[in-house]
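Visitor: According to Swiss-Prot:
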type	residues	note
TOPO_DOM	1-9	topological domain 'Extracellular'
TRANSMEM	10-30	transmembrane segment
TOPO_DOM	31-41	topological domain 'Cytoplasmic'
TRANSMEM	42-62	transmembrane segment
TOPO_DOM	63-81	topological domain 'Extracellular'
DISULFID	Cys79-Cys160	disulfide bond
TRANSMEM	82-102	transmembrane segment
TOPO_DOM	103-122	topological domain 'Cytoplasmic'
TRANSMEM	123-143	transmembrane segment
TOPO_DOM	144-172	topological domain 'Extracellular'
TRANSMEM	173-193	transmembrane segment
TOPO_DOM	194-549	topological domain 'Cytoplasmic'
REGION	222-266	region 'Disordered'
REGION	423-442	region 'Disordered'
REGION	449-475	region 'Disordered'
COMPBIAS	459-475	compositional bias 'Basic and acidic residues'
TRANSMEM	550-570	transmembrane segment
TOPO_DOM	571-586	topological domain 'Extracellular'
TRANSMEM	587-609	transmembrane segment
TOPO_DOM	610-627	topological domain 'Cytoplasmic'
Amino acid sequence: MAVASVLLALFMLFLSIVTVIGNLAVLLSYYLDKNIRQPTNYFIFSLAISDLLIGLEGIPVYTAFYLNNNEWIWGDVLCDLWLSIDYIVCLASIYTVLGITVDRYYSVKKPATYRNWRTPGRVVLIIIFIWLVPSILFSVSIFGYGTFTGTGRILKETECYVQFMTNPYLNMGMYISYYWTTLFVMLYLYWGIYRAAKKLALKSDQKTKRLALLTEMRRPEVSVRTSDAGNSSSDSPNDTSNSSKCFRTAPPTTTVQTTQTNVGTPPPVFRNHMTLHNNNMDFTKDNEIVRPPTPPDDNTYSNPNFSMISEQLTNGFSRQEPSSVIERESTAPCVSPEPSHASLENEFNENHHAHFKPELSLPFIDADSVSSMVGHDDLRRAMSIRISRSVSMQGTARATPVIEIVENLEEALKICENLEELREDENKNEEEKQKNGLENGGMNHVIIANDEQQPSTSKESEQKEEMTPENHDPNEVKVPLIAVSRVESVKSTAGGKVRRLITQMRSHSIRSKRKANKNKSVLSALNFFQRKKEYKSRSENRARKALRTITFILGSFIILWTPFYVLATIYGFCETCKASPSFNTLYTISYYLCYMNSPLNPFCYAMANQQFKKTLTRIFKGDFRRV
């Protein structure tokens, strides 16, 4: 028993020292840091004073009284004085926590109005009222209880506790009035702070998403429109004189005859950024877009990679008519078929120019764009790209690259992967293909068709190709880039309806300018995000900081103070509990728990407020400079 008493005394002494030092550091931080000397922190200053007094008189005196077998040996006056100070400080702590909760609540709910109202003088008056009410209440009830009741002092000489505890109804009424009512008010305010903080956070997230969407829409990307059906083929006249042209430089190549093998790997897929308009493009009567021809050659080129794919051109055209207009901005890749294979090393004629590889580029709608377009039955069909090259087995036939718009994204992705493998093989054999001359003929066609299959989600190619206008070659041939501007239903020569792409030419300089504008818009968006972050720190962070402060302070307050008031209420109604050692032990523990809140509060400030944390850390390191 003696060892336990010594250990308890040492622990309580340590707890008292920690309480005094911690709260003195909080008070000192007000003197050292002007940023802490704000009206909202006056309540924390008041709470630190009450905790300091508990560390000076509450913990050591009650420990001595408990170790002396709950016998008071210092007289009645000191007993009443100690009880008065102890209860006044404890109730002042309760009301101070209530003041902190109310202050944080109005700081979040009505920030502008409350900040104008919350002047230093008014906050000081509130703190004075917080201390004045407990002082009057407990001074009168403790010192004057015998006088008001007419019974005089009813305690023995060795007893020391408040006399109104002997009246269970008065005792319970006082506890309900100044603790339980206050506790429920604080919980209600805490719930209001939580809802306000959550609402501000949700509003901030919605603004951020809208900002991201606007930033995405500002980028120069592909916009695909679907117009109403009923348009005929005369809606797009064969006139491209007013269209600006976007050329991709490609070195010459020739066509040679090869044996047909299994399907190889098509060329890679590149991503192309363009904003499209409803300009016109030359169409043939068979809905073919005529590309610039290449010079004829005696040899013919038959690539098995494209021959097998060309057999798939027999797919039926879609007869579905769009019924609404949808605009979508997304990044669409370009398909650039480049024939390359190990067996093509002799495909060039020595009289031809070197590096001629006509690249056919057609942006297509990616999977994300397709998924966003699905809104009606007539719009649920999306497009992907299938490439084939029609090969003539005649002596002077020319290779005709064909692009078919289909709706099977999985097959298109597989073809795109094969394109990448052919691209790698072509790079390996590039030195062997350094021949002079131009290819004979080579009319480029684009045939548009739709299958009845629905698109399936797939990953889009992540590769990009940036064309630089600086690398010019006299032998280079400029091949125009085809940019999709509108998808509409037209009537074919057979009377059926097919979907046709109205295309236009865009110049490379315009694309370069758009790239620069894109970078500029990204920088502007970053600046806007930075300003958004600053605004967020002034509004949403205020609510989050208030919620964090109240969570630590109010949470520790409820956990540590509630047990005492529960047992104290029972103590007034239970006569047998007073003589029960186990109940008295629980009562003593609950009393100590109330004291335990005082050394924890400084750490709660540090965890809830970064400015307090910085200043307290500086104080404990021995830095007492005033800033």
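Any Cβ shown, glycine's included, is placed from N, Cα and C.
Values in this document were obtained by computation on a predicted structure and should not be read as measured data.
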Visitor: Count, for each of 10-30, 42-62, 82-102, 550-570, the Cβ pairs lying under 8 Å from the transmembrane segment (123-143), and report the range with the highest count.
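Guide: It is 82-102 that shares the most Cβ pairs under 8 Å with the transmembrane segment (123-143).
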Visitor: Around Cys79 (disulfide bond), how many other CB atoms lie within 10 A of its CB?
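Guide: Excluding its own Cβ, Cys79 (disulfide bond) sees 23 Cβ atoms within 10 Å.
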Visitor: Which stretch from 42-62, 82-102, 587-609 shares the most C-beta pairs under 8 Å with the transmembrane segment (550-570)?
Guide: 587-609
Visitor: Looking at Cβ-Cβ distances, which residues of the chain lie under 8 angstroms from Cys160 (disulfide bond) while being 6 or more apart from it?
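Guide: In sequence order, the residues whose Cβ lies under 8 Å from that of Cys160 (disulfide bond) (at least 6 apart) are Phe65, Trp72, Cys79, Trp82, Leu83.
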Visitor: Could you tell me whether the transmembrane segment (587-609) and the transmembrane segment (10-30) are in contact, taking contact to mean 3+ Cβ pairs under 8 Å with a sequence separation of 6 or more?
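Guide: Contact criterion met.
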Visitor: State the non-local partners of the transmembrane segment (42-62) in its own chain: residues 6+ outside its ends, Cβ under 8 Å from one of its Cβ atoms.
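Guide: For the transmembrane segment (42-62), the nonlocal Cβ contacts are 12-13, 15-20, 22-24, 26-27, 30, 82, 85-86, 89-90, 92-93, 96-97, 99-100, 103, 120, 123-124, 127, 130-131, 553, 591-592, 595, 597-599, 601-602, 605, 612.
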Visitor: Report the mean pLDDT of the predicted model across the topological domain 'Extracellular' (144-172), rounded to a whole number.
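Guide: The predicted confidence over the topological domain 'Extracellular' (144-172), as a mean pLDDT, is 85.
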Visitor: Please report the three-state DSSP label of Cys160 (disulfide bond).
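Guide: DSSP call for Cys160 (disulfide bond): coil, neither helix nor strand.
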Visitor: What does DSSP say about Cys79 (disulfide bond): helix, strand or coil?
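Guide: Assignment for Cys79 (disulfide bond) reads helix.
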Visitor: Which bits of the chain, at least 6 residues beyond where the topological domain 'Cytoplasmic' (31-41) starts or stops, bring a Cβ under 8 A of a Cβ in it?
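Guide: Sequence-distant neighbours of the topological domain 'Cytoplasmic' (31-41): 103, 107, 118-120, 122-123, 611-612, 615, 618-619, 624-627.
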Visitor: Within the same chain, where does the topological domain 'Extracellular' (571-586) have neighbours whose Cβ lies under 8 angstroms from its own Cβ atoms, ignoring anything closer than 6 residues to its ends? I mean 6 or more beyond.
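Guide: Tertiary neighbours of the topological domain 'Extracellular' (571-586) are 70, 165-169, 171-172.
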Visitor: By a Cβ-Cβ criterion of under 8 Å, what residues six or more beyond either terminus of the topological domain 'Cytoplasmic' (610-627) are in contact with it?
Guide: 25-26, 28-29, 31-36, 44, 602
